[in-house]
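Copied from Swiss-Prot, the annotated features are:
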type	residues	note
TRANSMEM	33-53	transmembrane segment
TRANSMEM	77-98	transmembrane segment
BINDING	His83, His182	heme b b562 binding site
BINDING	His97, His196	heme b b566 binding site
TRANSMEM	113-133	transmembrane segment
TRANSMEM	178-198	transmembrane segment
BINDING	His201	ubiquinone binding site
TRANSMEM	226-246	transmembrane segment
TRANSMEM	288-308	transmembrane segment
TRANSMEM	320-340	transmembrane segment
TRANSMEM	347-367	transmembrane segment
Amino acid sequence: MTNIRKTHPLIKIINHSFIDLPAPSNISSWWNFGSLLGLCLMIQIITGLFLAMHYTSDTTTAFSSVTHICRDVNYGWLIRYMHANGASMFFICLFLHVGRGMYYGSYTFMETWNIGIILLFATMATAFMGYVLPWGQMSFWGATVITNLLSAIPYIGTTLVEWIWGGFSVDKATLTRFFAFHFILPFIIAALVIVHLLFLHETGSNNPTGLNSDADKIPFHPYYTIKDLLGVLMLILFLMTLVLFFPDLLGDPDNYTPANPLNTPPHIKPEWYFLFAYAILRSIPNKLGGVLALILSILILAFLPFLHTSKQRSLMFRPITQVLYWMLAANLLILTWIGGQPVEHPFIIIGQLASISYFSIILILMPISGIIEDKLLKWSL
């Protein structure tokens, strides 16, 4: 009798995706982040569901409902901080996952890559709306500042902002709809993840060399299930260390003050994982220009397949582009630091230089270095 996992209509889908899936034999730990992102999404949906049972999306009670969760609900503090810090872990894994894709040329799987970009945008939208829900000072002012950016759109901007707000300012209508969207989006993300995997399994995984690995495939289980399990344990260790010892390390103290429309905090800034994009936004003096640069800072990922000039897929054997890649990584850290600093000298000029180099490295220097490397190898025509 044939094994049920190979014949049952539902189980065989899981079998082809996680058990008998042919995987390259040489994929490194950089390939662990896909499964870790799946784990993060599950943690966020489960903790979020339990938080939603006790949360009220009303401006008068939102802040106190979060306080109630932390003080009165059994292990409410644990659920709340797992959810808040789980978002940080989610973005750490996301950035490393995207960085891996850039380094090893995984963006040549166009469908998988484009769904990934949509997933990144959806996750950023979800995280932004989630940050508004506790209705602290930074929640309120963050929502006001970021939604206000849409007013830079010519002609329809102001109308659009008021439509999103549900009034003439961020108020009860805004909070209620943000809660509704924050609840539904993770399930949309989960559906997109399935599509992401569907497209990936059409082509099979990439590997560090960037070469075709059809001649040397191994089954996903037990080799990569056990490898993923190590990553899972490390992620949980890191997350729980953060939650139990440093729960407020990545948060903003201003968010422990209830939202007050009459009192603006001295430095309005988003969560740490948006700071690089926030720095790019602030580095351009023009409002519309800043918004376009902000969107382009993420959307530039969609142009990577067209900017690939090298005859090699991966950066594994491309030392010049490797140097540029790590310069880009360092540049992103500088942008993250600048995004959290006040708008004054010398931070303004550092942010502007870092923004210019961010786009220059991706759009100009990396494509040129790809051509140079091909010439050095006498591969070019």
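Every residue gets a Cβ built from N, Cα and C, even glycine.
Note on the transmembrane segment (288-308): residues 98, 102, 105, 107-108, 110, 113-114, 117, 120-121, 124, 149-150, 152-154, 276-278, 280-282, 355, 358-359, 362-363, 366-367, 370 of its chain, located 6 or more positions outside it, place their CB under 8 angstroms from a CB of the stretch. Cβ neighbour count within 10 Å across all protein chains ranks His196 highest among the binding-site residues His196, His201. Cβ atoms under 8 Å from those of the transmembrane segment (77-98) belong to residues 30, 33-34, 36-37, 40-41, 43-44, 47-48, 50-51, 66, 69-71, 116, 120, 123, 127, 130, 235, 238-239, 242-243, 247, 250-251, 271-273, 301 of the same chain, restricted to positions at least 6 beyond its ends.
On a Cα basis, His196 (heme b b566 binding site) lies 21 Å away from His182 (heme b b562 binding site). Cβ atoms under 8 Å from those of the transmembrane segment (33-53) belong to residues 69, 79-80, 82-83, 86-87, 89-90, 93-94, 96-97, 100, 182-183, 186-187, 189-190, 193, 228, 231-232, 235, 239 of the same chain, restricted to positions at least 6 beyond its ends. Here the transmembrane segment (347-367) has Cβ contacts under 8 Å with residues 279-280, 282-284, 293, 296-297, 300, 303-304, 307-309, 321, 324-325, 327-328, 331-332, 334-335, 338-339, 341 of the same chain, all six or more residues outside its ends. Reported as a whole number, the C-alpha separation between His83 (heme b b562 binding site) and the residue listed as 'ubiquinone binding site' equals 30 Å. When the alpha carbons of His97 (heme b b566 binding site) and His201 (ubiquinone binding site) are compared, the span between them is 17 angstrom. Of all Cβ atoms in the shown protein chains, 21 besides its own fall within 10 Å of the Cβ of His182 (heme b b562 binding site).
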